[in-house]
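Quick look at what TrEMBL lists:
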{"type": "TRANSMEM", "residues": "20-37", "note": "transmembrane segment"}
{"type": "DOMAIN", "residues": "27-526", "note": "domain 'Major facilitator superfamily (MFS) profile'"}
{"type": "TRANSMEM", "residues": "94-116", "note": "transmembrane segment"}
{"type": "TRANSMEM", "residues": "122-146", "note": "transmembrane segment"}
{"type": "TRANSMEM", "residues": "191-211", "note": "transmembrane segment"}
{"type": "TRANSMEM", "residues": "217-238", "note": "transmembrane segment"}
{"type": "TRANSMEM", "residues": "338-359", "note": "transmembrane segment"}
{"type": "TRANSMEM", "residues": "379-396", "note": "transmembrane segment"}
{"type": "TRANSMEM", "residues": "403-420", "note": "transmembrane segment"}
{"type": "TRANSMEM", "residues": "432-457", "note": "transmembrane segment"}
{"type": "TRANSMEM", "residues": "469-491", "note": "transmembrane segment"}
{"type": "TRANSMEM", "residues": "503-522", "note": "transmembrane segment"}
Amino acid sequence: MAPVPPGVRLLVSFDRDQWYRALTFILTFLLYTSFHLSRKPISIVKSELHKNCSAVSEAAIIASSSSQQPSLLSLHTDVDCGWKPFDKSNYKQLLGAMDYSFLCAYAIGMYLSGIIGERLPIRLYLTVGMLASGVFTCLFGLGYIYNIHNLSFYIFVQVANGLVQTTGWPSVVTCIGNWFGKGRRGLIMGLWNSHTSVGNILGSLIAGYWVSSNWGMSFIVPGLIIIIMGVVCFLFLIEHPNDLKNIYTQNSSLGKTVPSKSWNGVNGHTEVYLQYKDNKNQVCYYYKDSIQNRKSYDTELLLPRESERIPMQPVVVVKSESEPSAISFMGALRIPGVVEFSLCLLFAKLVSYTFLFWLPLYITKAAHLDAKKAGDLSTLFDVGGIVGGVLAGVISDKLGKRATTCAVMLLLAAPTLYGFSMISEFGLGPMIGMLLVCGGLVNGPYALITTAVSADLGTHKSLKGNARALSTVTAIIDGTGSVGAALGPLLAGLLSAGGWDQVFYMLMTADFLALLLLLRLVTKELASSKSHPISTVELKEH
C-alpha cells in the first residue's frame, strides 16, 4: 500500500472548525481587498485629469512657431491640458473637494452602518453594499466613455459610493471577531488587515494600466471586481460558527444517522438524553433504544460509559436569559478606551488617507514621473504598511500594550515624514527606502486600532458577555477615523497650493496630536504590574 502524501496528511490534520475559520479569514480578506481596490483609482487618475499644462503650452508654442500657424496654439492648450472641469488653475481644490465628498459621506454613514449592521444579517447587508459600490465605481468610469464634464455628476457618484462602502468594515470585522478568539488577536488581525495595502497595490496597478489610454477603465474594472466579490459573499460568507448548527440539524432531520450500539439499560430504563448547551433557550430530546448522532459545536450527548450500566436520570433543563439586545450608540461610547482610540484614529487616518489620495500626484510633481510610474512607485508605501501592521500586532500581543505600541510608532512617524519630504528630491533610491519606512510607521497604528483594538473593545469585560457590540464599536472607531480621512485630503488640496512643505507640516502635527490622545492609556499600561503576554487592552472603567 502506497504511503499517504505529506500534503494530504497536512490537509486531513485540520478539523472542520479550522477549515471554516480558514475560509472566513480568506474570504473576508478578499472582500475588503476589493473595497480598497475600488477606492484607489481616483488617486492614480488625478494626474490624468489635470496634466502638466505648462509643458503642453511650451510644446504648443514650439510647434506653432515652426509651422507658422499661431491658431494651433489655442487648440493645443484647450484640448490637451486636462479633463474639464479639472483643467483650470484651481484643479487642486476641485480634486480635494471630490475626495472630501467621498470621505465625508463615508464618515457620516459609518456611524449609522454599525448600528444597522447589528440588526440585519451581515451576509445580506454586506452583499448589497458591495453590489451598490461596484455600480457607483463603474459610473465614475462611464463619465469618460460618455464624455461627461459636469462636476456635480462626479461629486454625486463619490457621495453615493462613500455611503454604500460603509457596509464593508463593520461587517468584516464582526465576522472575523466571531470566528477568532482573543488569543494572538494582534498577529492574526495584523496579517488579515494587510488586505488594505493589498487592495491599494492592486488598485494602483489596475488603474495605472489604463490611466494614460482610457482612464474610464481604471474605474470600470475595479467596479466589476467588487460586484463579482459581492456575489461570492452572498454564496459563501458564514457570519458566526453557530450558524453552522442549522446545517447539521437539517441534515440529521433528513435521516442522516449513524448506527450506534444499543443500550439495554438497567431495570428496563432505556432513555438517554441529548442536551443543547448554548446561549439561547435550552432544549432537551430523548430517544428510545438508539441514539441519533448530532455532531455540533454546542451539543453534548449525555451517555454513560460503555462499561457502566447506570440508569439515566431525567435532565432538568433550566432556561437561560434571553439573548441580549444590541448595544446603543451611547452605551458603546461608555466602554473604556473607545473615545481615546477613536480620536487617536481620527488623526492617524488623516495621515494615512492623505497619502492614499495624494501620494501619486506628489511623486509626479517631485520626481517628475508620468502617471503610471508614479502609481507603481506609490505601492511601496502600502508594502511598508503590510509589514508595519503585522509588526504592530505581534509586538502588542507580546507586550500586552496596544496603546503603547501605537504611541511609539506615532512618535517615530513624525520625523520620518519630515525626512521623506526632504529626501524625495534626491532621486528614486532614497525615495523608495523612505516610502517603505513611512508606510510601516503610518499604517501600523492605523491597522492596529481598526482591527485588534476594535475587536478587544467590542468584547470588553464591561459588556458582561454581550457579543452584539462589536459592529457598533467598530463603526464608532472607524467612523471617527473617517472624519480625519475626509479632512486630510481636503486640507492637502488647500495647502498644496502654497507648496508641499505645508502639507507635510500638517501631517506631522496630526501625528503628534494622535500621540497626545493616547498618553493617558499609555500611562495606565506602563503603570500596570502585569508583564506577561496578553491579547486584550487592560483598561479600567473611568
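Backbone N, Cα and C define each Cβ position, glycine as well.
If one looks beyond the transmembrane segment (503-522) by at least 6 residues along the same chain, the residues whose Cβ comes under 8 Å of a Cβ in the stretch are 337, 340-341, 343-348, 350-351, 354, 358, 362, 401, 403-404, 406-407, 410-411, 413-415, 417-418, 420-421, 445, 484, 488, 491-492, 495-496, 537, 539. Counting Cβ pairs closer than 8 Å and at least 6 residues apart in sequence, the transmembrane segment (94-116) and the transmembrane segment (403-420) reach fewer than three and form no contact. Of the two recorded stretches, the transmembrane segment (20-37) lies close to the transmembrane segment (191-211), with three or more CB pairs under 8 Å once pairs fewer than 6 apart in sequence are set aside. Counting C-beta pairs under 8 angstroms (sequence separation of 6 or more), the transmembrane segment (379-396) fails to reach the transmembrane segment (122-146), with fewer than 3 such pairs. For the transmembrane segment (217-238), the residues of the chain that approach it from at least six positions outside its boundaries are 20, 23-24, 27-28, 30-31, 34-35, 37-38, 40-41, 44-45, 122-124, 126-131, 133-142, 175, 203, 206-211, 244, judged by C-beta separation under 8 angstroms. Here the transmembrane segment (403-420) has Cβ contacts under 8 Å with residues 340-341, 344, 348, 351, 388, 392, 395-396, 431, 434-435, 437-438, 441-442, 444-445, 448-449, 504, 507-508, 511-512, 514-515, 518-519, 521-522, 524-526, 537 of the same chain, all six or more residues outside its ends. Across all of the domain 'Major facilitator superfamily (MFS) profile' (27-526), the predicted model scores a mean pLDDT of 77. Non-local neighbours of the transmembrane segment (432-457) in the same chain are 169, 173, 176-177, 182, 185-186, 189-190, 192-193, 196-197, 335, 337-338, 341, 344-345, 348-349, 351-352, 355, 377-378, 380-385, 387-389, 391-393, 396, 402, 405-406, 409-410, 412-413, 416-417, 419-420, 423-424, 470, 473-474, 477-478, 481, 514, 535-537; each lies 6+ residues outside the stretch with a CB under 8 Å from one of its CB atoms.
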